[in-house]
Amino acid sequence: MKKHNFSAGPSILPQAVFEKASKAVLNFEDSGLSILEISHRSKEFLNVIEKARALALEIAGLNDSYEVLFLHGGASTQFLSVPYNLLEKKAAYIDTGTWSNKALKEAQLFGNIEIIASSKADGYKYIPKNFSIPSDTDYLHITTNNTIYGTQFHHIPETNIPLVADMSSDIFSRDIDYSKFSLIYAGSQKNLGTSGSTMVLVKKAILGKVSRKIPSILDYQNQIKNESMFNTPTTFSIYVNLLVLQWIQEKGGVKALEKLNKDKAELLYNEIDRNPLVEGYAAKEDRSLMNVSFFLKDQTIQQKFDTLWQNADISGLKGHRNLGGYRASIYNAMPIESVQVLVDVLKELEKKY
Ligand SMILES: *Cc1c(COP(=O)(O)O)cnc(C)c1O
């Protein structure tokens, strides 16, 4: 029996992707070879990565002034690559949680960072709204969705300086203007595929402007020149990325997914607001459509709640160790039926205790 997986990452992927990926492990497109054993230089694999690149741009609605890279080292490596490639004098960061904090700490190794807004003092419960963006900075970095606290930018800051975003936990979950961003990166393990690999969408025009020497593997221009194959790429992960991107397109793209994601989030938040035993964490206007964090008001019923959801075949509901409580991650691949199972468990909890 397949569980309802609310895990924050690695996380649920479409069932069709699990099936296709399994088949390809045994026999990739009737080639008589496993996807795990084919060369990254083979015609078959080049076809995979080219299709994935083109689809990513299509789904994002971006033209070929952008490049798509499939890199290693998760989103965390991009915390370092971004300032390596873009930071000359000063960069602006908005601090909305653990991940943006980690990103800006890496950037501080390279130069001057201005934290232009932070919600740290309030436990990262909200997205800062009133900030001004200095014009003398090389870029502004934001984390569009804060996986741990369950907040999300519902308005993308307007700025003339290059906007850089960590979209690890909400990429392709909603219909936004992706061309507002000069660089987007996303660890695969939430909405795109398997852990350890990262997709980067970068506007070529912002590159090549820093004076420092950049190590080859972290150099976006070098990766572009080598078509993400400066060294052996994460071939299987990229294949899974392609399957997920194809699934997104079949579903109707970001417009259709946004609608589904809104329906799922509304179903769960309505129950959290209604149920007297629980309370949501994030400020209402900044609530994430992807990660729903909540607490039990009475800690003494924790064991009872845990038993109820585990008996309902729910997995991965525990909150992040930094925050505690519970977190339901309802990424693109999560069906609304699974969200309904969780809502029913919350109702049952109320009835029983
Ligand atoms: C999960 C996550 C990361 C970390 O990704 P790794 O692949 O483990 O480096 C970074 N940023 C956000 C917003 C995340 O959700």
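Including glycine, each Cβ sits where the backbone N, Cα and C put it.
For ARG41, the entry in TrEMBL reads L-glutamate binding site. As annotated by TrEMBL, pyridoxal 5'-phosphate binding site applies to ALA75, SER76, TRP99, THR147, ASP166, GLN189, ASN231, THR232. Residues or ranges marked as domain 'Aminotransferase class V' by TrEMBL: 5-342. Summarising the annotation, TrEMBL assigns N6-(pyridoxal phosphate)lysine to LYS190.
Everything TrEMBL records as a feature, shown here on the structure.
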residue: ARG41; record: L-glutamate binding site; Cβ neighbours (10 Å): 9
residue: ALA75; record: pyridoxal 5'-phosphate binding site; Cβ neighbours (10 Å): 25
residue: SER76; record: pyridoxal 5'-phosphate binding site; Cβ neighbours (10 Å): 16
residue: TRP99; record: pyridoxal 5'-phosphate binding site; Cβ neighbours (10 Å): 22
residue: THR147; record: pyridoxal 5'-phosphate binding site; Cβ neighbours (10 Å): 27
residue: ASP166; record: pyridoxal 5'-phosphate binding site; Cβ neighbours (10 Å): 29
residue: GLN189; record: pyridoxal 5'-phosphate binding site; Cβ neighbours (10 Å): 24
residue: LYS190; record: N6-(pyridoxal phosphate)lysine; Cβ neighbours (10 Å): 30
residue: ASN231; record: pyridoxal 5'-phosphate binding site; Cβ neighbours (10 Å): 11
residue: THR232; record: pyridoxal 5'-phosphate binding site; Cβ neighbours (10 Å): 10
Secondary structure of ASP166 (pyridoxal 5'-phosphate binding site) (DSSP, helix/strand/coil): strand
Those binding-site residues in ARG41, THR147, ASN231, THR232 whose CB falls under 6 A of ligand 1, listed in sequence order: THR147
Closest of ASP166, LYS190, ASN231 to the residue listed as 'L-glutamate binding site', Cα positions, recorded positions only: ASN231
Cα distance (Å, whole number) from LYS190 (N6-(pyridoxal phosphate)lysine) to ASP166 (pyridoxal 5'-phosphate binding site): 12
LYS190 (N6-(pyridoxal phosphate)lysine) and ALA75 (pyridoxal 5'-phosphate binding site), distance between Cα atoms, whole Å: 11
ALA75 (pyridoxal 5'-phosphate binding site) in three-state DSSP notation: helix
Inter-residue C-alpha distance, the residue listed as 'N6-(pyridoxal phosphate)lysine' and THR147 (pyridoxal 5'-phosphate binding site) (nearest angstrom): 10
